[in-house]
Amino acid sequence: MAEVHRRQHAPVKGEAPAKSSTHRDEEELGMAPAETLTVFLKLLAAGFYGVSSFLIVVVNKSVLTNYRFPSSLCVGLGQMVATVAVLWVGKTLRVVKFPDFDRNVPRKTFPLPLLYFGNQITGLFSTKKLNLPMFTVLRRFSILFTMFAEGALLKKTFSWGIKMTVFAMIIGAFVAASSDLAFDLEGYVFILINDVLTAANGAYVKQKLDSKELGKYGLLYYNALFMILPTLAIAYFTGDAQKAMEFEGWADTLFLLQFTLSCVMGFILMYATVLCTQYNSALTTTIVGCIKNILITYIGMVFGGDYIFTWTNFIGLNISIAGSLVYSYITFTEEQLSKQSEASNKLDTKGKGAV
(Lines of atoms letter the chains of each structure in order from A and count residues from 1; the text may use other names and numbers.)
(Lines give C-alpha, C1' and ligand atoms only; values in the text may rest on other atoms or scores of the structure.)
Protein backbone atom coordinates (compact mmCIF):
# COMPACT_ATOMS: atom_id res chain seq x y z
CA MET A 1 0.00 0.00 0.00
CA ALA A 2 2.81 2.38 0.83
CA GLU A 3 4.29 1.75 -2.63
CA VAL A 4 0.94 2.52 -4.32
CA HIS A 5 0.62 5.68 -2.26
CA ARG A 6 4.11 6.81 -3.36
CA ARG A 7 3.26 6.16 -7.04
CA GLN A 8 0.07 8.23 -6.81
CA HIS A 9 1.92 11.24 -5.48
CA ALA A 10 5.08 10.91 -7.59
CA PRO A 11 5.36 13.42 -10.49
CA VAL A 12 4.88 11.92 -13.95
CA LYS A 13 7.96 12.19 -16.19
CA GLY A 14 7.70 15.04 -18.73
CA GLU A 15 4.82 16.71 -16.87
CA ALA A 16 5.34 20.08 -15.22
CA PRO A 17 4.50 20.14 -11.52
CA ALA A 18 1.13 21.77 -10.80
CA LYS A 19 1.30 25.25 -9.37
CA SER A 20 -0.27 25.82 -6.00
CA SER A 21 -3.08 28.33 -5.65
CA THR A 22 -0.82 30.44 -3.42
CA HIS A 23 1.85 30.57 -6.14
CA ARG A 24 -0.72 31.57 -8.76
CA ASP A 25 -2.03 34.33 -6.50
CA GLU A 26 1.51 35.64 -6.05
CA GLU A 27 2.01 35.70 -9.84
CA GLU A 28 -1.25 37.61 -10.38
CA LEU A 29 -0.35 40.09 -7.65
CA GLY A 30 3.09 40.48 -9.22
CA MET A 31 1.52 41.36 -12.58
CA ALA A 32 -0.69 44.11 -11.11
CA PRO A 33 2.10 46.66 -10.39
CA ALA A 34 3.50 46.14 -13.92
CA GLU A 35 0.07 46.77 -15.47
CA THR A 36 -0.43 49.84 -13.24
CA LEU A 37 2.97 51.19 -14.31
CA THR A 38 2.07 50.70 -17.99
CA VAL A 39 -1.21 52.62 -17.57
CA PHE A 40 0.66 55.37 -15.69
CA LEU A 41 3.25 55.67 -18.49
CA LYS A 42 0.49 55.85 -21.11
CA LEU A 43 -1.31 58.61 -19.20
CA LEU A 44 1.96 60.46 -18.58
CA ALA A 45 2.91 60.30 -22.28
CA ALA A 46 -0.56 61.52 -23.30
CA GLY A 47 -0.49 64.37 -20.74
CA PHE A 48 3.02 65.41 -21.77
CA TYR A 49 1.93 65.56 -25.41
CA GLY A 50 -1.20 67.58 -24.54
CA VAL A 51 0.71 70.21 -22.53
CA SER A 52 3.49 70.46 -25.14
CA SER A 53 1.00 70.80 -27.99
CA PHE A 54 -0.91 73.51 -26.12
CA LEU A 55 2.20 75.55 -25.30
CA ILE A 56 3.65 75.47 -28.81
CA VAL A 57 0.40 76.68 -30.41
CA VAL A 58 0.20 79.60 -27.97
CA VAL A 59 3.89 80.53 -28.37
CA ASN A 60 3.86 80.19 -32.18
CA LYS A 61 0.69 82.30 -32.36
CA SER A 62 2.35 85.00 -30.27
CA VAL A 63 5.55 85.02 -32.39
CA LEU A 64 3.85 84.91 -35.81
CA THR A 65 0.70 86.98 -35.17
CA ASN A 66 1.24 89.26 -32.18
CA TYR A 67 4.87 90.13 -33.04
CA ARG A 68 4.22 89.75 -36.80
CA PHE A 69 7.40 87.75 -37.40
CA PRO A 70 7.51 87.51 -41.22
CA SER A 71 8.83 83.96 -41.76
CA SER A 72 7.14 80.70 -40.75
CA LEU A 73 9.96 78.87 -42.56
CA CYS A 74 12.61 80.39 -40.30
CA VAL A 75 10.66 79.42 -37.18
CA GLY A 76 10.51 75.87 -38.56
CA LEU A 77 14.23 75.99 -39.34
CA GLY A 78 14.98 77.08 -35.78
CA GLN A 79 12.95 74.14 -34.47
CA MET A 80 14.88 71.70 -36.66
CA VAL A 81 18.26 73.06 -35.57
CA ALA A 82 17.22 72.91 -31.90
CA THR A 83 16.10 69.28 -32.31
CA VAL A 84 19.37 68.20 -33.94
CA ALA A 85 21.49 70.12 -31.40
CA VAL A 86 19.68 68.74 -28.33
CA LEU A 87 19.79 65.12 -29.55
CA TRP A 88 23.42 65.36 -30.70
CA VAL A 89 24.48 66.68 -27.27
CA GLY A 90 22.35 64.00 -25.60
CA LYS A 91 24.02 61.25 -27.63
CA THR A 92 27.50 62.68 -26.99
CA LEU A 93 26.80 62.67 -23.23
CA ARG A 94 25.30 59.15 -23.57
CA VAL A 95 21.96 60.32 -22.22
CA VAL A 96 20.16 59.04 -25.33
CA LYS A 97 21.04 56.35 -27.87
CA PHE A 98 20.30 56.04 -31.57
CA PRO A 99 22.15 54.47 -34.54
CA ASP A 100 24.97 56.32 -36.30
CA PHE A 101 24.37 57.45 -39.86
CA ASP A 102 24.85 54.91 -42.64
CA ARG A 103 23.57 54.55 -46.19
CA ASN A 104 20.49 52.63 -45.00
CA VAL A 105 19.23 55.41 -42.69
CA PRO A 106 17.44 57.40 -45.44
CA ARG A 107 15.57 54.25 -46.48
CA LYS A 108 14.63 53.51 -42.87
CA THR A 109 13.26 57.02 -42.27
CA PHE A 110 11.56 57.70 -45.62
CA PRO A 111 8.95 59.22 -46.03
CA LEU A 112 8.95 60.68 -42.48
CA PRO A 113 11.38 63.60 -43.13
CA LEU A 114 9.15 64.90 -45.94
CA LEU A 115 6.01 64.47 -43.84
CA TYR A 116 7.72 66.13 -40.86
CA PHE A 117 8.79 69.13 -42.94
CA GLY A 118 5.38 69.54 -44.58
CA ASN A 119 3.55 69.06 -41.30
CA GLN A 120 5.69 71.61 -39.50
CA ILE A 121 5.60 74.35 -42.15
CA THR A 122 1.88 74.06 -42.99
CA GLY A 123 1.10 74.06 -39.26
CA LEU A 124 3.09 77.24 -38.67
CA PHE A 125 1.64 78.98 -41.73
CA SER A 126 -1.96 78.14 -40.80
CA THR A 127 -1.32 79.25 -37.19
CA LYS A 128 -0.30 82.63 -38.55
CA LYS A 129 -3.27 82.97 -40.93
CA LEU A 130 -6.19 81.66 -38.83
CA ASN A 131 -7.71 82.72 -35.51
CA LEU A 132 -7.26 80.10 -32.79
CA PRO A 133 -10.91 78.86 -32.63
CA MET A 134 -11.04 78.17 -36.39
CA PHE A 135 -7.51 76.73 -36.37
CA THR A 136 -8.50 74.22 -33.71
CA VAL A 137 -11.88 73.27 -35.20
CA LEU A 138 -10.34 72.66 -38.64
CA ARG A 139 -7.74 70.46 -36.95
CA ARG A 140 -10.64 68.03 -36.30
CA PHE A 141 -10.21 66.85 -39.90
CA SER A 142 -6.92 65.27 -38.80
CA ILE A 143 -8.94 62.64 -36.90
CA LEU A 144 -10.85 61.69 -40.06
CA PHE A 145 -7.62 61.51 -42.05
CA THR A 146 -5.91 59.53 -39.25
CA MET A 147 -8.69 56.95 -39.46
CA PHE A 148 -8.09 56.63 -43.20
CA ALA A 149 -4.30 56.39 -42.71
CA GLU A 150 -4.49 53.78 -39.93
CA GLY A 151 -7.00 51.79 -41.96
CA ALA A 152 -4.72 51.80 -45.02
CA LEU A 153 -1.32 51.36 -43.33
CA LEU A 154 -2.13 49.49 -40.10
CA LYS A 155 -5.32 47.69 -41.25
CA LYS A 156 -7.37 49.03 -38.33
CA THR A 157 -11.18 49.08 -38.29
CA PHE A 158 -13.47 51.50 -36.43
CA SER A 159 -16.86 51.10 -34.81
CA TRP A 160 -20.11 52.76 -35.88
CA GLY A 161 -20.00 55.04 -32.79
CA ILE A 162 -16.53 56.34 -33.69
CA LYS A 163 -17.59 57.05 -37.27
CA MET A 164 -20.71 58.97 -36.13
CA THR A 165 -18.81 61.18 -33.67
CA VAL A 166 -16.20 62.00 -36.30
CA PHE A 167 -19.06 62.89 -38.65
CA ALA A 168 -20.46 65.25 -35.96
CA MET A 169 -17.08 66.95 -35.60
CA ILE A 170 -16.80 67.48 -39.35
CA ILE A 171 -20.38 68.83 -39.60
CA GLY A 172 -19.59 71.26 -36.75
CA ALA A 173 -16.46 72.41 -38.59
CA PHE A 174 -18.47 73.06 -41.77
CA VAL A 175 -21.14 75.02 -39.83
CA ALA A 176 -18.45 77.14 -38.12
CA ALA A 177 -16.62 77.75 -41.40
CA SER A 178 -19.84 78.84 -43.16
CA SER A 179 -20.00 81.89 -40.91
CA ASP A 180 -16.30 82.65 -40.40
CA LEU A 181 -16.06 86.42 -40.93
CA ALA A 182 -12.25 86.22 -40.73
CA PHE A 183 -12.15 83.64 -43.59
CA ASP A 184 -8.69 83.23 -45.14
CA LEU A 185 -8.47 80.83 -48.11
CA GLU A 186 -4.71 80.28 -47.78
CA GLY A 187 -5.10 79.51 -44.09
CA TYR A 188 -7.87 76.99 -44.80
CA VAL A 189 -5.87 75.25 -47.53
CA PHE A 190 -2.75 75.00 -45.36
CA ILE A 191 -4.60 73.69 -42.29
CA LEU A 192 -6.28 70.95 -44.36
CA ILE A 193 -2.93 69.96 -45.89
CA ASN A 194 -1.55 69.95 -42.35
CA ASP A 195 -4.35 67.60 -41.25
CA VAL A 196 -3.50 65.12 -44.02
CA LEU A 197 0.22 65.25 -43.20
CA THR A 198 -0.44 64.90 -39.45
CA ALA A 199 -2.47 61.75 -40.09
CA ALA A 200 0.12 60.23 -42.42
CA ASN A 201 2.97 61.18 -40.07
CA GLY A 202 1.27 59.57 -37.05
CA ALA A 203 0.57 56.31 -38.88
CA TYR A 204 4.09 56.09 -40.34
CA VAL A 205 5.70 56.91 -36.97
CA LYS A 206 3.79 54.01 -35.41
CA GLN A 207 4.88 51.74 -38.28
CA LYS A 208 8.55 52.79 -38.00
CA LEU A 209 8.57 52.47 -34.20
CA ASP A 210 7.11 48.97 -34.43
CA SER A 211 9.98 47.97 -36.75
CA LYS A 212 12.47 49.05 -34.00
CA GLU A 213 15.18 50.01 -36.52
CA LEU A 214 16.01 53.59 -35.47
CA GLY A 215 13.99 54.07 -32.28
CA LYS A 216 12.21 57.26 -31.28
CA TYR A 217 15.40 59.33 -30.88
CA GLY A 218 16.78 58.20 -34.23
CA LEU A 219 13.54 59.12 -36.00
CA LEU A 220 13.50 62.55 -34.36
CA TYR A 221 17.16 63.24 -35.12
CA TYR A 222 17.27 62.16 -38.75
CA ASN A 223 13.87 63.67 -39.63
CA ALA A 224 15.14 67.09 -38.58
CA LEU A 225 18.71 66.61 -39.89
CA PHE A 226 17.65 65.64 -43.42
CA MET A 227 15.37 68.67 -43.79
CA ILE A 228 17.61 71.48 -42.47
CA LEU A 229 19.40 72.19 -45.78
CA PRO A 230 16.25 71.94 -47.97
CA THR A 231 14.42 74.30 -45.58
CA LEU A 232 17.34 76.74 -45.58
CA ALA A 233 17.44 76.69 -49.39
CA ILE A 234 13.68 77.31 -49.64
CA ALA A 235 13.90 80.17 -47.11
CA TYR A 236 16.75 81.75 -49.10
CA PHE A 237 15.16 81.51 -52.54
CA THR A 238 11.71 82.66 -51.36
CA GLY A 239 13.17 85.68 -49.57
CA ASP A 240 12.04 84.47 -46.14
CA ALA A 241 15.60 84.44 -44.79
CA GLN A 242 16.09 88.08 -45.82
CA LYS A 243 12.79 89.11 -44.22
CA ALA A 244 13.75 87.34 -41.00
CA MET A 245 17.15 89.07 -40.89
CA GLU A 246 15.55 92.48 -41.42
CA PHE A 247 12.92 91.94 -38.72
CA GLU A 248 13.01 94.79 -36.21
CA GLY A 249 11.95 92.76 -33.18
CA TRP A 250 15.32 91.05 -32.61
CA ALA A 251 16.20 93.75 -30.07
CA ASP A 252 13.09 92.90 -28.01
CA THR A 253 14.12 90.58 -25.15
CA LEU A 254 10.59 89.22 -24.69
CA PHE A 255 10.35 88.35 -28.40
CA LEU A 256 13.77 86.63 -28.30
CA LEU A 257 12.63 84.60 -25.31
CA GLN A 258 9.44 83.49 -27.07
CA PHE A 259 11.25 82.74 -30.36
CA THR A 260 13.79 80.58 -28.49
CA LEU A 261 10.96 78.86 -26.61
CA SER A 262 9.22 78.21 -29.94
CA CYS A 263 12.37 76.54 -31.29
CA VAL A 264 12.87 74.37 -28.20
CA MET A 265 9.15 73.53 -28.00
CA GLY A 266 9.38 72.27 -31.58
CA PHE A 267 11.74 69.53 -30.39
CA ILE A 268 9.74 68.85 -27.23
CA LEU A 269 6.52 68.49 -29.24
CA MET A 270 8.19 66.10 -31.71
CA TYR A 271 9.47 64.01 -28.81
CA ALA A 272 6.09 64.10 -27.04
CA THR A 273 4.30 63.06 -30.25
CA VAL A 274 6.57 60.06 -30.81
CA LEU A 275 6.39 59.12 -27.11
CA CYS A 276 2.59 59.28 -27.01
CA THR A 277 2.33 57.30 -30.26
CA GLN A 278 4.77 54.68 -28.93
CA TYR A 279 2.98 54.12 -25.61
CA ASN A 280 -0.54 54.53 -27.01
CA SER A 281 -1.41 54.84 -30.72
CA ALA A 282 -1.55 57.41 -33.51
CA LEU A 283 -5.30 57.74 -32.94
CA THR A 284 -4.88 58.30 -29.18
CA THR A 285 -2.29 61.00 -29.92
CA THR A 286 -4.79 62.70 -32.21
CA ILE A 287 -7.51 62.45 -29.53
CA VAL A 288 -5.29 64.13 -26.93
CA GLY A 289 -4.53 66.90 -29.41
CA CYS A 290 -8.26 67.26 -30.03
CA ILE A 291 -9.08 67.63 -26.32
CA LYS A 292 -6.27 70.16 -25.94
CA ASN A 293 -7.77 72.12 -28.82
CA ILE A 294 -11.02 72.55 -26.86
CA LEU A 295 -9.12 74.58 -24.28
CA ILE A 296 -7.36 76.58 -26.99
CA THR A 297 -10.70 77.28 -28.72
CA TYR A 298 -12.23 79.03 -25.71
CA ILE A 299 -9.01 80.80 -24.75
CA GLY A 300 -8.68 82.02 -28.35
CA MET A 301 -12.22 83.44 -28.30
CA VAL A 302 -11.48 85.56 -25.25
CA PHE A 303 -7.77 86.40 -25.49
CA GLY A 304 -6.79 85.72 -29.12
CA GLY A 305 -7.68 89.18 -30.38
CA ASP A 306 -8.57 88.06 -33.94
CA TYR A 307 -11.79 86.07 -33.38
CA ILE A 308 -15.01 87.62 -34.78
CA PHE A 309 -18.09 86.28 -32.97
CA THR A 310 -21.22 85.10 -34.82
CA TRP A 311 -23.88 82.75 -33.45
CA THR A 312 -23.59 80.34 -36.39
CA ASN A 313 -19.83 80.13 -36.00
CA PHE A 314 -20.10 79.71 -32.22
CA ILE A 315 -22.73 76.94 -32.53
CA GLY A 316 -20.62 75.13 -35.15
CA LEU A 317 -17.56 75.28 -32.89
CA ASN A 318 -19.53 73.78 -30.00
CA ILE A 319 -21.03 71.00 -32.16
CA SER A 320 -17.50 70.03 -33.14
CA ILE A 321 -16.31 70.22 -29.53
CA ALA A 322 -19.21 68.05 -28.29
CA GLY A 323 -18.44 65.50 -31.00
CA SER A 324 -14.77 65.41 -30.00
CA LEU A 325 -15.64 64.81 -26.32
CA VAL A 326 -18.00 61.92 -27.13
CA TYR A 327 -15.44 60.56 -29.60
CA SER A 328 -12.71 60.61 -26.95
CA TYR A 329 -14.97 58.81 -24.46
CA ILE A 330 -16.00 56.09 -26.95
CA THR A 331 -12.41 55.52 -28.09
CA PHE A 332 -11.17 55.23 -24.51
CA THR A 333 -13.93 52.79 -23.45
CA GLU A 334 -13.47 50.67 -26.59
CA GLU A 335 -9.73 50.44 -25.91
CA GLN A 336 -10.38 49.33 -22.32
CA LEU A 337 -12.93 46.69 -23.43
CA SER A 338 -10.49 45.41 -26.04
CA LYS A 339 -7.76 45.02 -23.42
CA GLN A 340 -10.12 43.23 -21.03
CA SER A 341 -11.15 40.86 -23.84
CA GLU A 342 -7.49 40.12 -24.67
CA ALA A 343 -6.69 39.47 -21.00
CA SER A 344 -9.73 37.16 -20.72
CA ASN A 345 -8.65 35.22 -23.81
CA LYS A 346 -5.15 34.77 -22.39
CA LEU A 347 -6.56 33.44 -19.12
CA ASP A 348 -8.82 31.02 -21.03
CA THR A 349 -5.84 29.79 -23.04
CA LYS A 350 -3.79 29.27 -19.88
CA GLY A 351 -6.70 27.44 -18.25
CA LYS A 352 -7.03 25.06 -21.20
CA GLY A 353 -3.27 24.46 -21.16
CA ALA A 354 -3.37 23.62 -17.46
CA VAL A 355 -6.13 21.05 -18.05
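Glycine is no exception: its Cβ is also placed from the backbone N, Cα and C atoms.
What Swiss-Prot annotates here:
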- 1-10: compositional bias 'Basic residues' (COMPBIAS)
- 1-27: region 'Disordered' (REGION)
- 39-59: transmembrane segment (TRANSMEM)
- 69-89: transmembrane segment (TRANSMEM)
- 157-177: transmembrane segment (TRANSMEM)
- 185-205: transmembrane segment (TRANSMEM)
- 217-237: transmembrane segment (TRANSMEM)
- 254-274: transmembrane segment (TRANSMEM)
- 281-303: transmembrane segment (TRANSMEM)
- 315-335: transmembrane segment (TRANSMEM)
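As a quick check, the transmembrane segment (217-237) and the transmembrane segment (69-89) clear the bar of 3 or more Cβ pairs under 8 A, pairs 6 or more apart, so the two touch. Through the fold, the transmembrane segment (157-177) approaches residues 133-134, 137-138, 140-141, 143-144, 147, 151, 183, 188, 312-324, 326-327, 330-331, 334 of its own chain, all at least 6 residues removed from its boundaries and within a Cβ separation under 8 Å.
Among the stretches 39-59, 69-89, 185-205, the one making the largest number of Cβ pairs under 8 Å with the transmembrane segment (254-274) is 69-89.
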